[in-house]
Amino acid sequence: MAWTKYQLFLAGLMLVTGSINTLSAKWADNFMAEGCGGSKEHSFQHPFLQAVGMFLGEFSCLAAFYLLRCRAAGQSDSSVDPQQPFNPLLFLPPALCDMTGTSIMYVALNMTSASSFQMLRGAVIIFTGLFSVAFLGRRLLLSQWLGILTTIAGLVVVGLADLLSKHDSQHKLSEVITGDLLIIMAQIIVAIQMVLEEKFVYKHNVHPLRAVGTEGLFGFVILSLLLVPMYYIPAGSFSGNPRGTLEDALDAFCQVGRQPLIAMALLGNISSIAFFNFAGISVTKELSATTRMVLDSLRTVVIWALSLALGWEAFHALQILGFLILLMGTALYNGLHRPLLGRLSRGRPPAEESEQERLLGGTRTPINDTS
């Protein structure tokens, strides 16, 4: 079936805004500017402040939800209303996981390349599968176990490519290894978030935009408050600010004042997060979760190609192999091979209903998928 113009728009919006998510964050990291008190030029390394901006973007999805509800108020469509009452505090545990995982990933992005960052996030499949067996009582299919094993092989290849790549003064080998390990560690936390969402949130049939916005609200408020103690906590080699603390928000604002392009990068990240979540939810609803997965894989290609074109990283052929293996693992885990086997065995496409998945009950991606 041919896509409508609206579906093409949603697919393009998801691809573009999803790519901007990572590229704008990496662009901000590459800037050098003076800080507060006349401190010398240094890199803009403020991962926790960037995470606050990410949650602000998610929080804005609440505004989109209430706009949709107002629009549907005079119509018979009740899809923007929850089918049963729910306690907003249900979103607090997954929001805490989201806050922790996102902060760790922004720290890791300072240490490694944007393409490796995006590819290594595929590790979430491994931990999601294992946690769903342990805590949700699921029984994984053989193809899903093969997908997990294939993903592990892909991660090894991508990590090997990072080890063999030429590293500049900005990304030393030790930092790249640490960054890659932090990304994989963060995927464990993201997998816990996904299990919590499925166990406690999905059953209440909360509208995805409301779910994203509520988690964004919790994350924004909590992490903003945590910026105060972070200003005084020493962080040693993990600190990217002159004071050597875990986060120095004042230094970040001073750098933004001296280099306005940093503000543009941060605003790009905040706005792209909001539009990406909206587009991802809409693609799953209008097309399928499989289409969303394919577009997400294309996003990795776009990020990698633009990073090479901008000179942010050097080309390494092993990354192509690693990406293809990761793509194969993701396809196996999500059942992308089944429609192909169905066509080969029956000579006709499977029923469209089998590919369409419930927006909150069938997808295995987190509610606020910022990957």
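Yeah, the Cβs are placed from backbone N, Cα and C, and that goes for glycine too.
Small disclaimer: the values here were computed from a predicted structure and weren't measured.
Quick look at what TrEMBL annotates:
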- 344-371: region 'Disordered' (REGION)
- 1-18: signal peptide (SIGNAL)
- 48-68: transmembrane segment (TRANSMEM)
- 89-108: transmembrane segment (TRANSMEM)
- 120-138: transmembrane segment (TRANSMEM)
- 145-164: transmembrane segment (TRANSMEM)
- 176-196: transmembrane segment (TRANSMEM)
- 216-233: transmembrane segment (TRANSMEM)
- 261-281: transmembrane segment (TRANSMEM)
- 293-312: transmembrane segment (TRANSMEM)
Segment proximity, the transmembrane segment (293-312) to the transmembrane segment (89-108), 3 or more C-beta pairs under 8 Å: no
Contact call for the transmembrane segment (216-233) against the transmembrane segment (293-312), three or more Cβ pairs under 8 Å: no
Positions on the same chain near the transmembrane segment (261-281), where near means CB under 8 A and six or more residues out: 10, 13-14, 17-18, 20-21, 24-25, 27-28, 31, 33, 44, 50, 53-54, 56-58, 60-61, 64, 208-209, 212, 255, 292, 359, 365, 368-370
Contact ranking winner - 48-68, 145-164, 176-196, 293-312 against the transmembrane segment (120-138), Cβ under 8 Å: 176-196
Positions whose Cβ lies under 8 angstroms from the signal peptide (1-18), at least six residues beyond its ends: 272-273, 275-276, 279-280, 282-283, 286-287, 291-292, 295-296, 298-299, 302, 352
